[in-house]
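Feature list (source: TrEMBL):
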REPEAT    126-160  repeat 'PPR'
REPEAT    196-230  repeat 'PPR'
REPEAT    231-265  repeat 'PPR'
REPEAT    266-296  repeat 'PPR'
REPEAT    299-333  repeat 'PPR'
REPEAT    334-368  repeat 'PPR'
REPEAT    369-403  repeat 'PPR'
REPEAT    404-438  repeat 'PPR'
REPEAT    474-508  repeat 'PPR'
REPEAT    509-543  repeat 'PPR'
């Protein structure tokens, strides 16, 4: 007799095991004839057949089976046990179990969810468990998985619980994915989940993150129409939003409104208002508000905000006085407070005073952070003390801090300024190896440095070094080098890089063509400039509002040539009339007075 299952049907075997479990004769299940047939599939069916009498029989049996050597619960049996615990209202145990398997298995996969929820479980129970799953993933910062579970529920007719929706939305706001917040909210409303105060507060917080005042005010109106009155969190979020946007009158109006509604401001309210004034240097108003604080006690944030504000307006005496006042009230300054003062001392070139402040931090065992180190590195680089800048970076590494893009940017600028171009270039490669991308200004410093040494060939060789080191050279690198070389009127070197770029199969964009065309025009090679503009027309490369503004600002001193250039661009229809931000004022300017100057160009490209 190979096994009991081979002699009887599976259903009868399950009933037999259920009877043994109910009677408590569990050791009989370890007998070879039965034990050899106890698969995870059988256990899953047994769990579903056991009576739901509110006892812990199912859970006790589930845990006991785990002790059988070489046996392991399947995902199906674990899912079934979670449902049983849920139906028996053992919510905490069910949630803990779900959290364990969610971190171990890929529960968010649509295929897995379909197999788990397609076994005929109670829809309410499935909604409960999957709502917990959304919460688990959101709390684990696995936001994409949480969204997948939410989508599975929506598509399959399972209604997510309001709390799950709130946690998911809040997680998205914290991640700064505000576009997805509104998509999830719309879907949530469409399937019948009614927003409460917590949801509205999360949405207003999303508006604060994205700086959308109009949307926040609209949400406030919706809340009030739904009979919900703003609470302290609502008011504080709105005040913070208005202060960040410099809308002080509206922020103070909200403060008045909350007090009229019987909601007392707390220190968060006052801190937001003080921050709004301080960031704009309006320290008289900030100080007056600080003195008028009622029903709240100033904290580290209050003092640090004021100190930073006084540093902004160069009132270091008041900043230092406030730091001393903090200590008398038992609020010992932290690294953020010190960073505000240190940043200003370095900006004023008071390196000796900055070092004294560092020694004070060391005595008080206040650990410097990346901002502290970057401030010092930048200050030393500005005065050309590169040895001290590198020493700070070395200490930074010894303290377990990692250089960030600001550290590299300051050092590269310092070495380029000191004409130590090879060191600057090595730092660029180190920066790229660390996973950071270089901005246009970094490439500009390198181009300027090599041009000042009449070593333009080194700029061309830079591309070869990129490839030799296995680094990805995309259009942003070529664009930056071409753009800066054109600005330096080294157009023939810019052309060489343009040819190298095309040789790699990378096509130029509007910035590349505009830079080259203008540089050729400025150096008197109008025919080449015209050919480039014609190529732009053929490839439908349009000049956007942002590019027009940036280019005009960059070449503002070239008034006459710039007018000629834009005139020819307009003739070819290369300026996007519907570019972002509205139509370009350039299009409304009279160009008739330029017709004589445009004679050096070829005739306009005919309309197709």
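Cβ coordinates come from backbone N, Cα and C, glycine included.
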* Cβ-Cβ under 8 Å with the repeat 'PPR' (474-508): same-chain residues at least 6 beyond its ends -> 437-438, 440, 443-444, 447-448, 451, 456, 459-460, 462-463, 466, 515-516, 518-520, 522-523, 525, 539, 541, 554
* To do: Determine how many residues of the repeat 'PPR' (404-438) DSSP places in helix, in strand and in coil.
  => 26 helix, 0 strand, 9 coil
* Structure fact -> the repeat 'PPR' (474-508) resolves under DSSP into 26 helix, 0 strand, 9 coil
* Structure fact -> Secondary structure split (DSSP) over the repeat 'PPR' (334-368) reads 26 helix, 0 strand, 9 coil
* Residue counts (helix, strand, coil, in that order) that DSSP gives for the repeat 'PPR' (509-543) -> 26 helix, 1 strand, 8 coil
* Asked: Taking DSSP states H, G and I as helix and E and B as strand, how many residues of the repeat 'PPR' (196-230) are helix, strand and coil?
  -> 27 helix, 0 strand, 8 coil
* Residues of the same chain, at least six outside the repeat 'PPR' (231-265), with any C-beta under 8 angstroms of its C-beta? -> 197, 200-201, 204-205, 207-208, 211, 213, 216, 220, 223, 272-273, 275-277, 280, 285, 294-296
